[in-house]
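Take a look at the structure set out below.
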Amino acid sequence: MLETNNHTNAWQGFKTGRWNKNIDVREFIQLNYSLYEGDDEFLEGPTKATETLWDQVMQLSKEERERGGMWDMDTKVASTITSHDAGYLDKDLEKVVGVQTEKPFKRSMQPFGGIRMAKAACEAYGYELDPETEKIFTEYRKTHNQGVFDAYSREMLNCRKAGIITGLPDAYGRGRIIGDYRRVALYGVDFLMEQKLKDFNTMSTEMSEDVIRLREELTEQYRSLQDLKELGQKYGFDISRPATNFKEAVQWLYLAYLAAIKEQNGAAMSLGRTSTFLDIYAERDLQNGDITEQEVQEIIDHFIMKLRIVKFARTPEYNELFSGDPTWVTESIGGVGIDGRPMVTKNSFRFLHSLDNLGPAPEPNLTVLWSTRLPENFKIYCAKMSIKTSSIQYENDDLMRESYGDDYGIACCVSAMKIGKQMQFFGARANLAKALLYAINGGKDEKSGKQVGPSYEGIKSDVLDYDEVFERYEKMMDWLAGVYINSLNIIHYMHDKYSYERLEMALHDTEIIRTMATGIAGLSVAADSLSAIKYAQVKPIRNEEGLVTDFEIEGDFPKYGNNDSRVDEIAVDLVERFMTKLRSHKTYRNSEHTMSVLTITSNVVYGKKTGNTPDGRKAGEPFAPGANPMHGRDQKGALSSLSSVAKIPYDCCKDGISNTFSIVPKSLGKEEADQNKNLTSMLDGYAMQHGHHLNINVFNRETLIDAMEHPEEYPQLTIRVSGYAVNFIKLTREQQLDVISRTFHESM
């Protein structure tokens, strides 16, 4: 790359390296970031403009709630990068501009994932999809959803309906792809286009199916970058060139992200790892006297504000799975470099400080990459903000850095990937608790009585025998792993074909790592059920057709969540065993198998789909979220509960292990300083035990009960659920009750 005057000016004062000639954002960061080990005294409060704009956002949020959850919606124009004119909150006050349509809070219509879903989303809120648009995407332009259902087998459809596999991204955008939006700020769009053209022209000329597909994808990526430049022009910016200062760097990066969410409505549209990158520009401008600390914070606050108002039109079925209108604009903060230097900067503080300046909020999904080696002042600040807002999640950087290096980000909730070098095929999750019931009933569904799994004689004994049950369970997991992977192969083939993420992939290297991100639900239910069968006496109760529909338990049994190796080892074995079975099946585009123990809020849906289980859980009752112990069963205090979850091996769950943890304030200590110190010590201990992820809620149950009864008094009450945060008042009452029923630890 020949450095133009634009590049020379934009990069003035930066240490040079390979990144000057080639795309290498990581090297740019490592050469130029400034470690900050001080405290939070430098932080600035909100400016008048920030307060005015946030008041406007809160008023729009109030109006949206009053209108039933939808402020306005586009029913005619299919959303693309350039489909809508520029939109503003207040053009004269905003330091960072850009919204998804021509108005803030107006939701776009995105039909490429499925016209039926677009129509259902409209109708759910009293809107009507434009008939001509519906005709186009029904008769002339096939969608992802239609492609998937054209290819599904009857077996797959039966599994989907029964809920032994559910939440599949066949009726919504898959998401969980992180474009390296930093590249637009550092290099400008023109250089990125040059690189894609170069890759296209140097590809193999042996026209295999793989080569043909990649050539078409590269062409689409190139066109999307042209559209991105046009989006910049709509807002008055020339983003063909690199950003020359901090304000431009934030704006350029945000426009790249905005382009992605204008074109895709994936279940998780995550941001990446931007705070340390942007701090390099802020520090240069501060050192040169071109900007003040207050101006830097104002720009960050306005950036965060934009990320808070990302919105998609969703169907009621989607909202059952992922409740509370989440978008998973996940920003990964902190961590430690492979050279041992913490990557904490002043911007790490500024991003978290937005929780003070704007108040708590679920988005962006602020994720601290925790290491025992983070600066102590930053640890204390994180703890303080967690106790104050319950808006932060923590993920073990010491664990992930070994696999992903020091320039990875978190997609959605707990899924690590190298920024710009790796993407995943999101796969929802298989229901291990229901699979156990299928093993007992010879493949018949315990709720419908239909033959869904492979047919064999159900267990006939009057008392369940552990060895007999487990032998059949293993066979059922063999079958489930196969139908699961095959379903995902269809889904992602069709998503690439009919709803390709061209802009997000344009901000990746051309040659990337792909993972097939499977998942499991009901781990604690399955582990406790097997523990009950092994250590107590479990008698199956059959209906008139001989189907086991309930269980009678005599005696006690070890329960997952109490640091009891007898049952914890069952949970570990299930995870390792199912992952081995998944790996035996070929994946689309030779993607690497990964797995998560994560449910989002679909633990409620899974519970509805699953009958009585041998652990004593009743039909329809919610599962525990993620890798959590079942509600109320972790009775030996916070540390024992954490110890059980920390045993789940990350090596076979590299898509993440979610643990949502609630503790009452007094159990952390009487004084603020003690609470902060105790929480950081707990996080350090969990990290040293190889625990992967921790959502932390610090509040009393009574607060949530009051918010249920008086939602108007709690417009910004934020809680952490399985892998994300949510406005508590946006949950359904059923989900609110589920949250309230969970364990609130009153002792360490």
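We number each residue from 1, going along the chain as drawn.
Note: Cβ is positioned from N, Cα and C throughout, glycine not excepted.
The feature domain 'PFL' is assigned by Swiss-Prot to 5-618, with sequence analysis given as support. When averaged over the domain 'PFL' (5-618), pLDDT in the model lands at 98.
As annotated by Swiss-Prot, active site, S-acetylcysteine intermediate applies to C412. According to DSSP, C412 (active site, S-acetylcysteine intermediate) sits in a coil region rather than a helix or strand. When Cβ atoms from all protein chains are considered, those within 10 Å of C412 (active site, S-acetylcysteine intermediate) total 28, not counting its own.
The C-beta environment of C413 (active site, cysteine radical intermediate), restricted to residues of the same chain at least 6 apart in sequence and closer than 8 Å, consists of A268, W328, T330, N365, Q393, L598, I600, G656, S658, H693, S722, G723, Y724. Positions annotated as active site, cysteine radical intermediate by Swiss-Prot, on the basis of similarity to another entry: C413.
What Swiss-Prot records for 625-748 is domain 'Glycine radical', and it gives sequence analysis as the kind of evidence.
Under the three-state DSSP scheme, G723 (glycine radical) falls in the coil class. There are 30 other CB atoms within 10 A of the CB of G723 (glycine radical), with all protein chains counted. Residues annotated as glycine radical in Swiss-Prot, with sequence analysis given as evidence: G723.
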